[in-house]
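Here the structure comes first, spelled out in structure tokens, and everything after it is commentary.
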Amino acid sequence: MKLKTKTMEWTGNSLRLLDQRKLPFIEEYVECKTHEEVAHAIKEMIVRGAPAIGVTAAFGYVLGFREYRSGDLKEWMKQVKEVLSRTRPTAVNLFWALNRMEKVFLENLKNENLGEILEEEAMKMAQEDIETNRAIGRNGAELIEDGSTILTHCNAGALATVDYGTALGVIRAAVEAGKRVRVFADETRPYLQGARLTAWELMKDGIEVYVITDNMAGWLMKRGMIDAVVVGADRIALNGDTANKIGTYSLAVLAKRNNVPFYVAAPISTIDPTIKSGDEIPIEERRAEEVTHCGGNRIAPEGVKVLNPAFDVTENSLITAIITEKGVIKPPFEENIKKILGV
């Protein structure tokens, strides 16, 4: 079984990941042959984006199973899952994917074809992600008017998923439907996913895109230059509170103040029904060097103290709607999320 998209390639024996740290200047793949190499790729942001992380971890689980040599298989796979789980604490898709793989593993523990069954499940997950993103795109495109200028933050495109994207999937689907769309991509400090990745993706697709600094958004909204904000999500609480790349909350506040619709585009798997509100979402703190350095060059004084939370939480009152593959969820969010989840 094989899979090949922009973000990842499953060769049948290894997982090749597009090294997103080097984009847009170098297109280079990193080959992972063990679950620990996959964990390293997730932790070091060779691959990033909640849906992509989830599927990557699923293939890491497959590789972990193949590494088993002797002893208690269940205990070995528990350790494999733990190694992969420790990589990124905020993205719920990671845990969703690993729990799904573990369930299949335990249900087929005595099956002699267990390795093939696990590989099939990871492949199924990858294909589902592509189909899900296209459904999100179709549902979201209906909210985009012809001639709109859309502001997006970070990168929630094909690079953040198996293919097509969530927030950028909405934009792609609108363009495919014949609508004229212009995009403003926040540079998204400190990792510059907007400037490096979103701009790269949209330019390859021939979609008009402007890179703006993170602190321009409010002024552009005030001048009436932005018609909607569309972002992705790393975890959504049961009440609709949404964790996404740091800076998302600021955009939501600005959008509310300037009467600009603020949309979150994410698969149902990003909703965490075990978390009642955003107050319970763990926020990853990353290395100081990501803030003090840019492009390998120091840009801040030696020894300066740094805060580097990778995500923030936008409360549901600032969100116009959540776009999913099962439809568009509008307020009251908790009631409507429960309906769509069937809980």
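Placed from the backbone N, Cα and C atoms, the Cβ positions cover glycine too.
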According to Swiss-Prot, ARG48, GLY49, ALA50, GLN193, ASN244, LYS245 bind substrate; identify which of ARG86, ARG88, ARG286, ARG287 is listed for that same site.
ARG88
Which residues, in sequence order, are found in the same chain with Cβ within 8 Å of the centroid defined by the Cβ atoms of ARG48, GLY49, ALA50, ARG88, GLN193, ASN244, LYS245 at the substrate site, excluding those residues themselves?
ILE53, ALA91, CYS154, ASN155, ALA156, ALA160, GLY232, ASP234, ALA310, PHE311
Counting only residues 6+ apart in the same chain, whose Cβ is under 8 Å from the Cβ of GLN193 (substrate binding site)?
ARG48, CYS154, ASN155, LYS245
For substrate, whose listed binding residues are ARG48, GLY49, ALA50, ARG88, GLN193, ASN244, LYS245, the greatest C-alpha pairwise distance in Å:
17
Looking only at C-alpha atoms, tell me how far ASP234 (active site, proton donor) is from ASN244 (substrate binding site), rounded to the nearest Å.
5
Local backbone state of ALA50 (substrate binding site), from DSSP in three classes:
helix
Measure from the Cβ of ASP234 (active site, proton donor) and count the other Cβ atoms within 10 Å, all protein chains considered.
31
I need the least crowded one of these binding-site residues (ARG48, ARG88, LYS245), counting other C-beta atoms within 10 angstroms of each C-beta.
ARG88
